[in-house]
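So the structure is just underneath, and the comments pick up after that.
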């Protein structure tokens with residue numbers, strides 16, 4: 001049979017090649033077409049081949065298409081001349097198109113690709129590109145892709161490995177052809193390239209075909225038919241290497257995302273699930289988990305990895321934890337715990353709340369899984385969307401096929417979300433029975449176990465209220481406790497935040513101004529009302545009278561604000577100085593200058609805020625001086641957050657301490673500070689630090705300029721101006737006079753920025 | 001994600017029976033008159049409730065102390081009550097009211113409730129907790145002690161609860177007894193022989209039920225585990241654990257199995273009633289209504305579930321009946 005088909009093929013080729021005239025050629029082409037195209041009305045063989053009628057026609061066609069079609073294509077392309085086409089008018093064109101567009105697309109494409117290479121110009125090249133364009137416009141490429149993925153029933157007897165081996169050579173050639181088509185055409189045709197071959201058109205089209213092909217693969221896999229995705233994956237790889245990745249994935253990713261969400265394909269989860277699902281792959285899964293945990297727990301990774309990468313790592317870890325089985329738990333318990341502990345420590349040391357939270361979450365999940373009966377790490381984790389998303393990953397995705405089986409009994413469960421553990425609540429104590437200091441103590445030690453919504457916020461507010469009510473006692477108590485033993489970091493941070501907030505509250509004048517302003521508003525009131533629709537005649541009359549009445553008002557348009565004593569003034573020192581008392585005292589439990597840099601950073605911030613609250617009080621100068629001395633040693637601290645806090649504190653000193661005091665009593669310190677700030681501006685690695693240094697420098701310059709102007713108008717040039725002129729030229733000061741309004745604005749903006757700096761209470765301090 | 005069936009909200013009771021003078025300690029639907037519910041109270045009173053009018057039909061001053069058991073005979077012609085005052089009493093239905101016909105003094109002052117063991121015909125045995133770990137068996141007609149079931153080991157502690165094991169005709173051949181130690185013993189009531197033993201819980205068996213038709217038993221203790229076990233008839237009546245499930249809160253007061261063996265309900269110290277499908281011991285409903293610990297449960301033969309609580313209310317639930 002094979003031999004006979006070969007004979008047919010040879011006869012057709014010879015016929016086409018050797019035919020005397022174009023009519024004869026055309027008839028042979030017809031014969032070829034009849035073998036390639038499945039036409040329904042034509043039953044028998046073409047008249048030229050009728051002496052082969054002993055071969056079953058279907059067989060003949062199949063074998064011909066599979067083995068001889070490729071050679072036919074090449075032959076036709078070789079023979080293609082302008083004379084042949086012209087003499088035979090339209091018929092040959094149509095026949096050739098039929099052969100190329102309706103035959104097996106893979107071979108047609110390869111033949112065309114080859115012809116493209118061997119012909120540099122002229123009619124044949126033009127014909128080839130036209131055919132290629134037709135080929136693509138007729139969506140034949142889609143068929144090419146699908147043919148490579150689809151394992152036909154005839155080849156299904158082979159193993160997938162055989163299938164791949166058999167196709168390897170063909171695929172190499174095909175991938176080269178498909179991926180380089182735009183380049184080749186552009187090389188040959190230059191500016192005359194058809195739009196369809198431009199990468200921005202061709203690649204998305206290819207993407208669309210790939211997507212459709214994947215969809216078909218999915219469908220046939222659902223019907224338990226084998227598919228191979230190797231070709232597609234190699235093609236994708238090749239296209240990406242060629243630099244089409246962006247265009248390609250713009251087309252592929254959005255629809256894929258939709259499909260993936262719709263259809264239970266969960267990326268990371270699939271991957272880990274695949275590794276964990278089989279005993280033979282299990283060791284790979286364990287290795288992944290351990291390696292990942294090692295990287296995750298590495299303190300230097302934590303410093304250098306971006307937040308998104310960290311989140312991704314945590315996601316993968318959570319998924320991996322969900323796959324841990326009993327056997328692994330016993331076997332690898334020690335290994336995992338050993339990897340986990342340094343990681344937890346590194347995370348808890350982090351100054352970033354998100355990273356801390358994630359660290360706690362992973363640690364909690366892992367210890368729970370490894371040893372459900374043993375002791376477990378329990379953290380107070382702030383619930384947010386990210387936490388919930390990560391926790392969801394702990395639940396293994398259910399196999400959509402299995403859920404049906406679970407409902408074998410017809411009893412559908414009711415909602416049981418109210419099934420909660422019963423907790424016993426202690427009897428409440430009346431607040432009025434508690435002393436201030438005593439109450440602060442209770443609040444400080446109370447943890448969130450009462451199920452009160454927003455407990456932390458309430459506790460915080462209560463403590464601040466206490467501190468405002470009797471500042472002296474509470475401040476003394478809190479600042480003394482700050483350096484005591486037996487407090488956790490959360491409590492220490494609470495102390496700082498309470499002190500800072502209470503200081504701010506105390507320094508605000510009590511709300512008495514609102515009454516005063518309201519007295520001055522009636523005239524404006526009626527004007528405002530006139531815009532609304534008057535309803536009664538009295539109103540209309542009143543309105544007309546108002547509009548015709550002219551009022552003359554003497555005196556100030558706004559009342560002078562009533563001066564009130566600053567409640568913070570006389571207690572500022574009690575808030576401020578005790579907090580700096582023992583900062584260098586190193587204890588085993590609480591090492592401010594060492595590992596507890598998180599507390600240190602909050603401490604410096606708090607001192608800065610208290611100082612700001614003490615603005616315009618008599619103690620401010622002395623406090624500023626102390627703070628400058630205190631932060632001097634922290635200027636080159638290794639932790640970025642501490643450095644930032646120091647910079648903020650420095651700005652505060654410049655802002656709060658009166659200019660003349662800065663430039664007389666603190667002159668040396670300020671000069672040194674300025675040098676340091678300039679150094680930070682030039683050398684610090686952290687952008688935020690540089691920004692803060694910039695602000696501080698601007699403030700310093702402003703202070704000097706303002707003071708200078710003040711002196712200037714008083715005709716009193718103090719001696720220090722001459723000394724200062726070493727580093728603040730007079731010209732600079734004069735320049736500042738011009739831009740005074742602007743810099744005043746900057747100052748205002750900066751004040752509000754600094755006040756906004758500390759995070760909202762109860763957010764940053766949860767452990 | 002595909003749209004799952006939207007979960008039905010947790011059910012509410014169909015009605016509440018109010019009027020108990022003290023916490024409800026025992027409940028029993030009359031086997032034939034489905035519209036009648038008996039309740040025993042902590043003050044020793046037994047109420048007969050008419051479920052049509054939802055009112056108390058009759059108040060019986062049955063005992064001087066907490067009622068441990070109210071139970072009707074299979075044909076509902078007589079009633080057994082057992083109180084902590086140390087008496088088990090038998091009542092007969094007259095024209096309108098139940099009247100006490102006999103009483104047996106119970107030597108144990110524990111919490112183990114007396115139980116009726118139906119025999120062939122209308123007769124039945126009454127089992128009562130005896131001294132230490134023993135169980136006494138009385139004949140209902142003669143009121144005579146038939147035999148005493150004394151375990152060989154004294155480490156079992158007091159009897160906590162008892163359940164009959166019935167044959168296919170509905171007469172009891174065996175008795176399951178749960179002890180303070182957490183063990184469950186199976187006795188042959190006819191010969192008085194100990195057949196098998198199973199260590200179920202680490203603490204006292206607080207309550208259990210056994211369904212002879214399904215050959216499944218469910219038991220609960222003071223912890224949060226509900227256990228499922230079976231008796232192997234082929235293997236010398238050896239008992240074995242099949243399944244267990246953990247519930248949210250500790251402590252079981254009562255367990256009931258519905259007549260069709262499809263669902264099991266447990267009364268919890270946490271004032272909730274939990275419903276499980278027996279097939280996989282899967283929790284399917286959490287009935288929350290009471291404000292005090294739920295003390296007693298009963299299924300009517302047409303599937304109504306009654307729950308009596310420390311809060312003096314009896315809630316009636318209509319779940320999974322269709």
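Cβ coordinates are placed from backbone N, Cα and C, and glycine is handled just like the others.
Database features, via TrEMBL:
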COMPBIAS  A:507-520  compositional bias 'Polar residues'
DOMAIN    A:278-373  domain 'TELO2 ARM repeat'
DOMAIN    A:436-503  domain 'Telomere length regulation protein conserved'
REGION    A:507-535  region 'Disordered'
TRANSMEM  A:603-624  transmembrane segment
TRANSMEM  A:645-663  transmembrane segment
TRANSMEM  A:720-741  transmembrane segment
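Counting same-chain residues at least six beyond the ends of the transmembrane segment (A:645-663), those with a Cβ under 8 angstroms from any Cβ of the stretch are 600-602, 604-605, 607-609, 611-612, 614-615, 620-621, 623-625, 627-628, 631, 634-635, 637, 670, 673, 677, 680, 689, 692-693, 695-696, 699-700, 703-704, 706-707, 710, 720, 724, 747, 750-751, 754, 757. The domain 'Telomere length regulation protein conserved' (A:436-503): residue composition by secondary structure is 52 helix, 0 strand, 16 coil, according to DSSP. Averaged over the domain 'TELO2 ARM repeat' (A:278-373), the predicted model has a pLDDT of 80. Helix, strand and coil counts under DSSP for the domain 'TELO2 ARM repeat' (A:278-373) come to 80 helix, 0 strand, 16 coil.
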